[in-house]
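If you check TrEMBL, you get these features:
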{"type": "TRANSMEM", "residues": "B:6-28", "note": "transmembrane segment"}
{"type": "TRANSMEM", "residues": "B:40-58", "note": "transmembrane segment"}
{"type": "TRANSMEM", "residues": "B:64-81", "note": "transmembrane segment"}
{"type": "TRANSMEM", "residues": "B:93-113", "note": "transmembrane segment"}
{"type": "TRANSMEM", "residues": "B:133-158", "note": "transmembrane segment"}
{"type": "TRANSMEM", "residues": "B:187-208", "note": "transmembrane segment"}
{"type": "TRANSMEM", "residues": "B:220-246", "note": "transmembrane segment"}
{"type": "TRANSMEM", "residues": "B:258-275", "note": "transmembrane segment"}
Amino acid sequence: MLLEVQGLNAFYGDAQALFNVSLQLRAGEVVGVLGANGAGKSTLMKSLTGLVAVDKGAIRLRQQPIGGMPPGEIVKHGVALVPEGRRLFPSMTVEENLMMGGYSKRPGRWNKHAIFELFPILEEKRSQPATSLSGGQQQMVAIGRALMSNPDVLLCDEISLGLAPVVIKDIYESLPDICSDGMSVVVVEQDVIVAQQCSARLYCLQEGRVSLEGTSDALTRDQISEAYFGI
Amino acid sequence: MLETIIQGILLGGLYCIFALGLSLMFGVMRLTNIALGDQIIISGFIAIGMATVLGFNVLWIGLLLLPIAYISGFCFQGWVLNRTLSKDPLPSLVVTFGLSIVIQNTLQMVFGANPRSLDVGSLSTAGVELSPSLTVGVLPLIIFVSAIVCTFGLQWLFAHTAIGRSFRAVSDDREVAELMGLSAKRVFATATGLAFCLIALAGWFQGMRTTVSPSDGPSLLLFAFEAVIIGGMGSFWGTFLGAMVLGVTQQVGFHYDPGWGIWFGHLVFIVVLFIKPNGLFPKTKG
């Protein structure tokens with residue numbers, strides 16, 4: 001098992017956002033995490049990357065506990081996050097944003113050129129301020145920035161949010177290429193169809209608890225709706 | 001009048017070096033260092049102390065001051081100021097304000113209230129003749145050139161180096177910067193180390209150009225603050241130009257009445273705040 005979360009409790013501010021959450025991720029696997037607003041998806045991503053403290057439970061990467069490490073250590077171990085809302089560095093160009101992503105200097109296949117090959121439009125706009133790009137292009141920068149650390153686990157927090165359907169399709173079509181060398185991806189989504197299509201297994205979160213888990217193909221829409229909305 | 005303006009620009013060079021330290025710390029971590037003026041003064045006193053006790057040459061003192069300043073700044077940020085940083089700006093203000101009082105009183109105790117200066121020998125009176133009626137001092141000229149070099153250097157550091165990128169990253173979004181593997185606290189400590197180098201340079205120059213006395217700090221802080229605000233927070237060249245405006249205004253004031261100079265500077269500061277609250281040269285956003 002590449003990444004293993006066991007009985008995780010975490011707080012968002014003063015309120016408990018995760019209750020006894022367990023999750024497994026194998027090498028080379030794409031796993032979807034579904035849930036409505038406030039279900040705890042982002043808190044889960046933040047505790048996996050060290051931005052939110054782990055209150056109880058364990059997070060293990062290749063059997064090694066990483067829960068509670070500072071974010072800078074976790075990225076060195078090979079977990080990278082594409083944060084919700086992209087959060088590019090506004091004072092930097094596209095290229096500088098990518099360079100910041102490579103700060104941890106983890107070796108691997110991803111560098112500026114590989115990113116430009118994956119998203120050719122970014123090479124054209126490499127010297128522009130990152131925040132002057134369109135939403136979809138900014139999302140590509142955010143994904144590229146996370147890839148620059150050559151992670152073994154890539155966490156994508158709602159990368160479809162606020163983007164046009166065509167753009168979402170484009171971005172998700174780059175996933176197989178990204179995973180082609182055995183990288184694992186966790187895709188956090190509100191969009192059930194997108195999540196089901198791109199992932200091998202799904203987890204549904206509801207009010208901070210795992211309400212459903214299973215193979216994406218085997219789960220029915222009704223099961224997912226019930227786990228999603230609790231109706 | 002031309003002479004007054006040139007003197008003002010040269011004075012602005014000194015103010016620019018005061019202001020860059022403030023601008024740097026504010027830019028990287030939104031921290032206002034209230035003790036800046038007193039740190040400049042204490043640097044001046046340390047330089048004077050080195051000259052009288054150790055008998056060092058002025059140039060050596062300057063070279064020695066910089067690494068000491070860097071290490072003090074790095075440690076001060078790491079051990080003290082990093083603990084005060086949060087969304088609330090008050091704790092860091094209170095701590096640096098307290099430090100300001102401590103420095104002033106310590107200096108009073110150790111050195112007494114008399115103004116002192118750093119002896120630079122013939123350099124203090126050396127001048128360059130620009131025209132038969134216009135001579136400018138070599139020392140003020142050196143200070144002015146240093147101000148340009150510092151401004152240019154900082155701007156280059158921020159725009160083109162990895163250190164500069166890490167400064168911008170933690171300033172833009174500390175959380176995401178840490179996700180990339182940066183230690184924000186370490187970056188902050190580096191920034192304060194650099195700011196303290198500028199502060200030491202300012203104290204060294206202040207001690208050479210005029211005098212330092214333990215109670216001078218707050219007015220130096222005020223000049224630095226005014227230069228930064230007049231220039232706008234956007235870039236170090238803004239700070240440089242703000243310092244020029246302040247220096248020239250003060251000098252013009254002095255020209256009319258020796259009692260008016262400082263007051264004139266404050267007046268222009270208030271006028272700028274009224275007309276352009278973001279400063280004369282704010283950052284232009286694309």
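Just so you know, the numbers here start at 1 and follow the chain as drawn.
Glycine residues also receive a Cβ, built from the backbone N, Cα and C atoms like all the rest.
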Inquiry  = Quick check: do the transmembrane segment (B:187-208) and the transmembrane segment (B:40-58) share at least 3 Cβ pairs under 8 Å, counting only pairs 6+ apart in sequence?
reply    = yes
Beyond the flanks of the transmembrane segment (B:258-275) by at least 6 residues, Cβ under 8 Å = 219, 223, 226, 229-230, 245-246, 249-252
Cβ pairs under 8 Å between the transmembrane segment (B:133-158) and the transmembrane segment (B:6-28), at least three = yes
Note = Given B:6-28, B:40-58, B:93-113, B:220-246, the one sharing the most C-beta pairs under 8 Å with the transmembrane segment (B:64-81) is B:40-58
Folded-back contacts onto the transmembrane segment (B:40-58), same chain, C-beta under 8 angstroms, at least six residues removed = 18, 64-65, 68-69, 103, 107, 110-111, 116-120, 123, 199-200, 202-204, 206-208, 212-214, 216-217, 220
